[in-house]
Amino acid sequence: MAAVTVSLSSSPGSKAAAALSPSPCSHHQYFLSYPRRSSKAAGRAVRVQVSTTETAAAPAKKEKVSKKQEEGIVTNKYKPKEPYVGRCLFNTRITGDNAPGETWHMVFSTEGEVPYREGQSIGVIADGVDKDGKPHKLRLYSIASSAIGDFGDSKTVSLCVKRLVYTNDQGEIVKGVCSNFLCQSCDLKPGSEVKMTGPVGKEMLMPKDPNATIIMLATGTGIAPFRSFLWKMFFEEHQDYKYTGLAWLFLGVPTSDTLLYKEELERMKEISPDNFRLDFAVSREQTNAAGEKMYIQTRMAEYKEELWELLKKDNTYVYMCGLKGMEKGIDEIMVDLAAKDGIDWFDYKKQLKKAEQWNVEVY
């Protein structure tokens, strides 16, 4: 069990009394603060022949052992026809006025009935029906809280959701059904019911090795699974887990007002400067030495030799979550570096994937 106490406030030093009291429509940066720390052959009919010669038994096929924290993991406990119905506890906008779009952080009650792990996702089914009069289909969201949740009692789950609104080719404004159900106009107030499915996913589970190097690459709300990782690493104390490796986060966003969980991340860096590295890439405000816009791959290129050396080690794990385009940019960085060592990058990346060291969840 983790020993935790939690305060939810506008700054690390504020009182904890406001934990669930802010207006559900509040628009402010906030800080969630923790103190430091069977056999397949069974039952088969077997035909036996008597022989005067002995035949060696075929060697048993060696079962692959995952390097991730998979023991006891639960998947698909709740399905669309029988979802879990939780309640909204907290829902607040976490992007500033100049951000291109709105992103919200929300906390739902689970009463411990949705046992998820860091790196998993849950489905949300919006209220109402579609144009055909059928219930809306679920939408999957990466979980943004550690397994014990933002309040440390294993009874909540948190999401980081961007409200989807765009204009189509016909000039019509289109609103994403589920993201607007969760974010728009504060319709989802504390106490509102939310239908959830899952949990699902094993691709983004954390490594077992507490001394691993974990490189996290996120764009926008792709920060969600990494927030779950980092809370477990740096804000919580666990009897069976103490992180002693290097966690390195690259977060790409368009503007400073879109830097999600900035105060939390900087606090983690203060707490564990030897174990946590943090690099932002703000594309509309920053450029590199050549005057190019600072995308996540542009920022990574500044450390490309160091990153390549880390990628050659058996205990380095890369996790990527967010916009699909960033993987191509990272490939472009690594191709030449690998070639200098006589390595084909794309073949090597396949080996990393097979070894569970290259983990991608993009859209």
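If you go along the chain as it appears here, the first residue is 1 and each next one adds 1.
Glycine residues also receive a Cβ, built from the backbone N, Cα and C atoms like all the rest.
What TrEMBL lists as region 'Disordered' is 1-25. Here TrEMBL flags 1-13 as compositional bias 'Polar residues'. The domain 'FAD-binding FR-type' annotation in TrEMBL covers 81-206. Sequence annotations record features per position, and here TrEMBL assigns NADP(+) binding site to S142, K162, T221, V253, P254, S283, R284, K293, G322, L323, E361.
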Chain-internal residues near R284 (NADP(+) binding site), provided their CB is under 8 angstroms and they sit 6+ positions away: P254, T255, K293
Residues satisfying Cβ distance under 8 Å from T221 (NADP(+) binding site), sequence separation of at least 6: T103, S142, C160, V161, K162, L260, G322
For the domain 'FAD-binding FR-type' (81-206), residues assigned helix / strand / coil by DSSP: 10 helix, 51 strand, 65 coil
Least Cβ-crowded entry, counting other Cβ within 10 Å, from the binding-site residues listed as P254, G322: P254
Whole-number mean of pLDDT values that fall within the domain 'FAD-binding FR-type' (81-206): 87
Those binding-site residues listed as S142, E361, and which of them has the most Cβ atoms within 10 Å of its own Cβ: S142
